[in-house]
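Peer 1: Shown below is the structure under consideration.
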Amino acid sequence: MKVLLELLLGYSVLILAHELPYLPSTRHPPKEELPYWCTYVKNCDFCWDCQNDICKNKITNESISINSIVNCRVTRDSPSQSCFYEISVKMPNHHSMECSHPRPYTGNEIFMEKWGGGGDYWPIIIRHCCFYLVFSIAFVGYIVFVYNKNLHLNTTMKLLALLSILIWLSQPALNRPLSIFYMKQNLPRTYTPPVRELEYWCTYAKHCDFCWTCKDGMCKNKVFRDHPIITQNDYIVNCTVSRWHDRCMYEAHFRIHYQHNMNCSQPKDLEWFIELKRHVINQDDL
């Protein structure tokens, strides 16, 4: 096993010994780079061949259950030599690293191995709720303690810093950042944006599937009630949306992959799709 790991590491170094070309966001990195990516995110779907609910590793021939496999995306930016991978389970996680100094993705490892890409994720939600409850009780208790003891500011700040460190150390157990801190600033890449944001996304990416409710081949817009009903194959595509502070992005996933970045405060319509469907797309292909 040790020899195998050394070979994988050596192969990874060889891959990174020359300037790597740009790798767009993709679920399937080049075959020659599989040892590199599969060393650091070994549960990603592109590392495995699955048959009859049993998956065999393409690199090590190791076998695991299909329930432990998750969908992943990998990206590499050549100028900055930064590598990025996203683990898309019930609650997506993102990880950036230097391509020449990669790090295994340990923060979500337990979650992947135990819950995989399917199954019931209520235990994770319950764990988060319990943590928030304990954190709230601890915070209130801390305020009461400081008030009763009449502590000086210096001591108060030390205790607050200690509490913050404890919260930070608890993150690996929660498998994701505290959503209460990131909810407004960062929207993970997801197929279904929050309901409160549907009007925003469906205004500029109106052909995305999350904007429509379809039944018996007919689709009704979720946001604009006066929008005419359309047929289910009338240019509705799977979409992914993301938001980082003031930068928003949506991707359309179908025969031709498209990614569009925009300023969140100055969004642009998905105009390319109108021309594309007019000249290229056949409804039977969607």
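Glycine is no exception: its Cβ is also placed from the backbone N, Cα and C atoms.
The following feature annotations were taken from Swiss-Prot:
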CARBOHYD  Asn61  N-linked glycosylation site
CARBOHYD  Asn238  N-linked glycosylation site
CARBOHYD  Asn263  N-linked glycosylation site
TRANSMEM  1-17  transmembrane segment
TRANSMEM  128-148  transmembrane segment
TRANSMEM  153-173  transmembrane segment
Peer 1: Can you tell me the CA-to-CA distance separating Asn263 (N-linked glycosylation site) and Asn238 (N-linked glycosylation site), as a whole number of Å?
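Peer 2: Distance (Cα to Cα, whole Å): 22 Å.
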Peer 1: Using DSSP and collapsing to three states, where does Asn263 (N-linked glycosylation site) fall: helix, strand or coil?
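Peer 2: It is in a strand.
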Peer 1: Give the helix, strand or coil assignment DSSP yields for Asn61 (N-linked glycosylation site).
Peer 2: coil
Peer 1: Give me the count of other Cβ atoms within 10 A of the Cβ belonging to Asn61 (N-linked glycosylation site).
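Peer 2: Other Cβ atoms found within 10 Å: 9.
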